[in-house]
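Here's the structure, in structure tokens; my notes come after.
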């Protein structure tokens, strides 16, 4: 029983982490059509924030809670900076955005490498050290923390998009930019704020990631491609597909890893997602349009 | 877009535009002269001027340039951003590396790294055919043909394109790098395959033989350029550009864009595979590091730098980047990454047509000044 349930729970936690990373992408890629390859490095920035707050606030429990807003704002500001300096000139050239942000990603990784050549050692908070007994499997509290965090991010983002004025503006801008402008929406500031929030979410993901694995310069690279695949497989323009896809990828990888090795499991998951996209190229759920593409 | 449009409408009337048309790089026979000059430089001048070490390095850049020519065809003219050419590079490279490893191990021998893990290990079944040189050479061409053919048909028929395609192709490169890294007993894992002693009977320690392999690589690069030059002039080349710019219109005209893209994709894949195969004896090692996401991105970097849609841009960009990679990264290891990062940003932001568009841009600037005056 334990061997069956362990991958499920571990995979759910991995999926939750992936979801936080993917939510930000779902916003910037899914809603705005911008491909930000530096999104993974914003995750890294979040992890660095977790480390920084620990340097200031020594109580590990308190510092991790403080790290969340710090990471959100820091990664968000990085994203804002990226939008203002580079991305805003390229909204009509998605493939070029991809290339330019690849450059940003390389640069940020190198900055991190020079600042912290051996990664940042984030102390695990004592409060989250325990385990929860689930049907005979000791489930680490840190994983539950990640899942709760993902749930909060999801609920927050969903509520923001659905119920607030700002969310309505985002959706209006996405659906028809020209019409939104004629209605008096300042689409440029909507773009910037959307980018801020999307990147900030990556920062939150970084804090969660720093609690689970080691934090080195490759943290972003580890998640970015899979997170993109999750967004695409979930279908653009809505969040529920992303949630299901992230969870499925996390759990399936965990079961594969249980049977074989970690690296082979990643290969199998990649192949599975690619095959899935063959069957449903538009992803799980599609927002119907009359366009030809 | 707007500049190209203005250029097109201006050609019929204005004299400077006509002159530019005669002299400009769009002139097909002028390009042929350019290929000739490049051939002269790579095949005659370089071997005469450079020492063995540098020539060997130039051989490596030539391999990257061959991949770049293929990417230029598929991306610059076809609009398919190939972010995972490492996959096809790996197909050729590992086919060649397996053959060379077996050649070094001798008849009925087992590669050294396998004996290290298990002295009694039998040779895995998929290695066995690579004992034959002929099979290896055929596999280097046929394997990418099949893989790219099946994969490309599946992807393009389902109308996966743009960014989706780019992400998907990179995911495949990442997956393959993981796969090879994770199967250390079968493929050498992250350490890769190295220590090749001979190349189809030629001793690899002999500088004369190494020069011969360089000549092959440079020759293949020239051959690829000639092929692409011919393709760009052909109706296929026009269709490819049309598919890039207005896929739906091409479909409405009765062509299947999927087939057009597929052909370009497969050609690019075969070029990458051949380049990988030549890279192995030149570099002396192949490992997942040369094929993963980062390596695949470096392959694109040269194309973007040189100018993706031009004939010479991809190859020249890749040669330049290869040179920068080995000289700068030797001296300033950290600085080189920043240069690379900045290059990506600056080129895509300010110079999307690459360095080879600079002369044309300058010419356009001069003529527009003159016509204004």
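Yeah, the Cβs are placed from backbone N, Cα and C, and that goes for glycine too.
TrEMBL annotations: computationally assigned, not manually curated.
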Listed range which TrEMBL flags as transmembrane segment, given the options B:11-28, B:29-46: B:29-46
Same-chain residue ranges lying at least 6 outside the transmembrane segment (B:29-46) that approach it to Cβ under 8 Å: 23, 55, 58, 62, 215, 218-219, 221-222, 225-226, 229, 311-312, 315
Long-range Cβ neighbours of the transmembrane segment (B:262-287) (under 8 Å; 6 or more residues past either end): 56, 59-60, 62-64, 66-67, 69-71, 73-74, 77-78, 80, 82, 85, 88-97, 100, 140-141, 143-145, 147-149, 152-153, 156, 188, 190-196, 199, 204, 210, 213-214, 216-217, 220, 224, 227, 231, 236, 240
Beyond the flanks of the transmembrane segment (B:58-76) by 6 or more, those residues with Cβ under 8 Å of it: 42, 46, 50, 82, 85, 89, 213-214, 217-218, 220-221, 224-225, 228, 231, 240, 261, 264-265, 267-272, 274-276, 278-279, 282-283, 298-300, 302-303, 306-311, 313-319, 321-323, 326
